[in-house]
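Marked as ATP binding site by Swiss-Prot: G171, D172, R173, A174, T175, G176, K177, T178. Under the heading site 'Required for activity', Swiss-Prot lists S364, citing sequence analysis as support.
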Amino acid sequence: MSVIRADEVLESLNKQIEEFQVSANLEEVGTVIQVGDGVARIYGLEKAMMGEMLEFESGIVGVVFNLEEDNVGAVLLGSDVAVREGSIVKRTGKILSVPVGKGLLGRVVDGLGNPIDGKGPLTDIAYYSPVEKIAPGVVKRKSVHEPLQTGIKAIDAMIPIGRGQRELIIGDRATGKTTIAIDTILNQKGQGVYCIYVAIGQKRANVVHIVETLQKHGAMEYTTVVAATSSDPATMQYIAPFVGCTIGEYFRDNGMHALVIYDDLTKHAYAYRQLSLLLRRPPGREAYPGDVFYLHSRLLERAAKLNDELGAGSLTALPIIETQAGDVAAYIPTNVISITDGQIFLEADLFYKGIRPAINAGISVSRVGGAAQIKAMKQVAGTLRLDLAQYRELEAFVQFASELDKATQAQIARGQRMVELLKQPPNQPVPVEKQVAIIYVAGQGYLDDVSVNAIQKFEKEFYVFLDTEKPDILEAIRREKALTDDIKAKLDAAVKEFKQKVAF
């Protein structure tokens, strides 16, 4: 029988006392006093921060949206079914963050950056980045000077977009707004621009169709789709654009170029209005809260061209706004027009006439993109906007005038051919060197003897002719980025040779 010695017991007790550590986990908790419609009011979280993540006992995460005298208003990032009055809520001390990095390319994620495409978890994540960030200051920026080619002749010629610009696409529903955005993504293939498409409040079938289009043209390799569809909670629709912007900022801040498309900010404003009214914020014009301008300005100001010291990266934004019966003077359209660096206005009347893309060149403008346009395009498209405006004026005048002089007839004929030339089918972006070539050909009068109905056939076959027999001309335009006398002479000779070979 072993004897327990007192000194051994004492030594063992002393050792355990030395190794004993007191650990206290201090958490600030509150209680749900009201819940419903995706929002909750919580009592007891006196030190909660605006935008802080909260954890409910059911596992649901919420975000602090309102700080009031005796309670906190939170929006829920998920279903509120499992949240009950009296449920315990605890602070996390963290701001809402999402994964960023090249691992998101080719993926479809929800409004919180979680994959929803069935391809498994995200890989190659650089880090988690806060969703709400302050936009780069004036000192960190550089003026827009590099072109972002959309592949759409009417835009690249008359309303050029530069890297780091915010260009609004505005128009009624079903006028081709999303088509312009998707064509722009397709045209970035091989251009070193990473794209983020944010679908806000759209039908799931539409999102699937867009993803299929991008996959078909090999564009998903450099694109991330952030989808907060109409069946998702208003909170997800509200957060999705900020998540898309954060994903794009990773590329911008690491010396790369990114393009983010918000489709559309009208539904984003609806979601924000819904959350604000549910949390009893005072309504203003059209029942929107007073800070709805700041909602969009703080989002769009994050698009920027950074200076060389910070890596010269850029984030370009193409927000989309849907108007009602062409009313650009409504609250949200005027807000976003004043925030952005220009707008592309799509008109339903032009769309129904078969002029697609249905861009109204008269009221569409790019405030900073002119500095980014390549010299060759400036040379050929300098007077294009003015010529089209004069043509529209004459077209209206012709309806009342019986006899016209030859100069006016010639101007109308040239205008008709230009309008026909600027038409473009969807998902067929045109490289800038081909755009320069065809606009030069039209400007020099080589299309004046081609019937209006044959213009698009002429254009298509002329591109094939240049690709197969005169690739050196396209290469020279690509290389020089300007129309030298030598290139002009070669183009003149090429179009004459083409017209002799092919009859129109």
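Just so you know, glycine gets a Cβ as well, placed from its N, Cα and C.
Put plainly, the recorded positions T175, T178, S364 were compared by Cβ crowding within 10 Å, and the winner is T175. Sorting the binding-site residues R173, K177 by the number of other Cβ atoms within 10 Å puts K177 first. Fewest Cβ neighbours within 10 Å among the binding-site residues G171, G176: that distinction goes to G176. In the three-state DSSP scheme, T175 (ATP binding site) falls into the coil class. Neighbour counts of Cβ atoms within 10 Å were taken for the binding-site residues D172, A174; the minimum is at A174. One way to see the shell of the ATP site is to take the Cβ centroid of G171, D172, R173, A174, T175, G176, K177, T178; the remaining same-chain residues with a Cβ within 8 Å of it are E322, L346, A348, F351.
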